[in-house]
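Feature annotations, courtesy of Swiss-Prot:
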type	residues	note
BINDING	Gly116, Ser117, Asp257	pyridoxal 5'-phosphate binding site
BINDING	Tyr152, Lys286, Gly321, Arg414	substrate binding site
MOD_RES	Lys286	N6-(pyridoxal phosphate)lysine
Amino acid sequence: MNYTQQLKQKDSEYVWHPFTQMGVYSKEEAIIIEKGKGSYLYDTNGNKYLDGYASLWVNVHGHNNKYLNKVIKKQLNKIAHSTLLGSSNIPSIELAEKLIEITPSNLRKVFYSDTGSASVEIAIKMAYQYWKNIDREKYAKKNKFITLNHGYHGDTIGAVSVGGIKTFHKIFKDLIFENIQVESPSFYRSNYDTENEMMTAILTNIEQILIERNDEIAGFILEPLIQGATGLFVHPKGFLKEVEKLCKKYDVLLICDEVAVGFGRTGKMFACNHEDVQPDIMCLGKAITGGYLPLAATLTSKKIYNAFLSDSHGVNTFFHGHTYTGNQIVCTVALENIRLYEKRKLLSHIETTSSTLEKQLHALKRHRNVGDVRGRGLMFGVELVTDKDSKTPLEIEKVERIVRNCKENGLMIRNLENVITFVPVLSMSNKEVKTMVRIFKKAVHNILDRKC
């Protein structure tokens, strides 16, 4: 038994993988990644793969980036960690200042955590307590959130409560709190004749809910522009701005979950920037450290922050925090990550590669099994169907065979049900983007076009 075989045996014996049916996984030939460089991952057998899912939508400047490596090593020579509870540290202060500089101008305070789910959990608790701190009696019933159907905000209980993907969430229905779910503005599978008709109907319904149940609603949480985990649903232009207007009109806090779509993924630094939206609370994660280490942040306004201030420790205090909140190493690499965006003019690069990806993928719409191609920036989904008229989702077995065929030919991508997602390393070159699509196109041909 060679080294790779030994590792696979131990992996199967000891490791429980996330969002994975282990009964299936244990029977498959697992790929064990040993190292990475640039847009590529390398396994223990020496095979290399284009990272077409940015190691779960997080990698920015490529793997094994010398600049990010350098700042981590430099910080390690100073200190690895000290608590942010009752004291502070240099990297957490400098990163907070930078985050305030690059996010919407109304956001003035940064609360750190370690995962996107945690940043959402914090946002929910922050919004809920905000109303209680202002006037507990007047806002006694403000404990619900408007959410979008098919939304995904993480896997902790609060985040699941504001989610809307049955596959992930239905098993926990007895544990979660009630939310007010509204229709997602996703046109491809809607029953509307036009996007405008769909958007008008959904916004009208949202406004009616805000009028009728205003005393219950603490906030409106959504993934701005693109709903990721449900299959990359892209919202119509103007939807986010209209939601912001309604939230302001009816005095409801707007929470934008930018964990997946933030840091250039949609072509602008943040998805909110596309429509000049200023949320009351913004959640950040994933790409915040360039794909190196776990860090998240929940940003909010002075108005909300001030509601938590008191001269007495036990009054209005936000009792939330994690052991490694504001850790020096992760804050250091996050700060360097943001500096590299600016130094390398990454948003301009994404504008070019995004155009290439969009053109390459839209060319596939001629295929009889490609029902829809949707996305923005470097975040696209290809929905596979049995035929274009019925829009019946392609059998999952065939979709998974396409994904496996891509891996066999040197491309790591993943599917969300019948949607193949393309969320590559943000610094991926134009040539690599074309290679990624070419491998996928070949896989589609191998699985769907060849007669057995």
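Cβ coordinates come from backbone N, Cα and C, glycine included.
The binding-site residues shown are Tyr152, Lys286, Gly321, Arg414; of these, the one with its CA atom nearest the CA of Asp257 (pyridoxal 5'-phosphate binding site) is Tyr152. In sequence order, Thr115, Ala118, Ser119, Val120, His153, Gly154, Ala159, Val259, Ala260, Cys283, Gly285, Ala296 are the same-chain residues whose CB sits within 8 A of the CB centroid of Gly116, Ser117, Asp257, the residues recorded for pyridoxal 5'-phosphate being left out. A separation of roughly 20 Å, to the nearest angstrom, links the Cα atoms of Gly116 (pyridoxal 5'-phosphate binding site) and Arg414 (substrate binding site).
Look at the binding-site residues Lys286, Arg414 and count other Cβ atoms within 10 Å of each Cβ; Arg414 has the fewest. A separation of roughly 10 Å, to the nearest angstrom, links the Cα atoms of Ser117 (pyridoxal 5'-phosphate binding site) and Tyr152 (substrate binding site). Of all residue pairs in Tyr152, Lys286, Gly321, Arg414, the annotated binders of substrate, the farthest apart have Cα atoms separated by 33 Å. Site extent for pyridoxal 5'-phosphate: among the recorded binding residues Gly116, Ser117, Asp257, the largest C-alpha separation is 10 Å. DSSP assigns Tyr152 (substrate binding site) to coil, not to a helix or a strand. Ser117 (pyridoxal 5'-phosphate binding site) carries a helical DSSP state (H, G or I).
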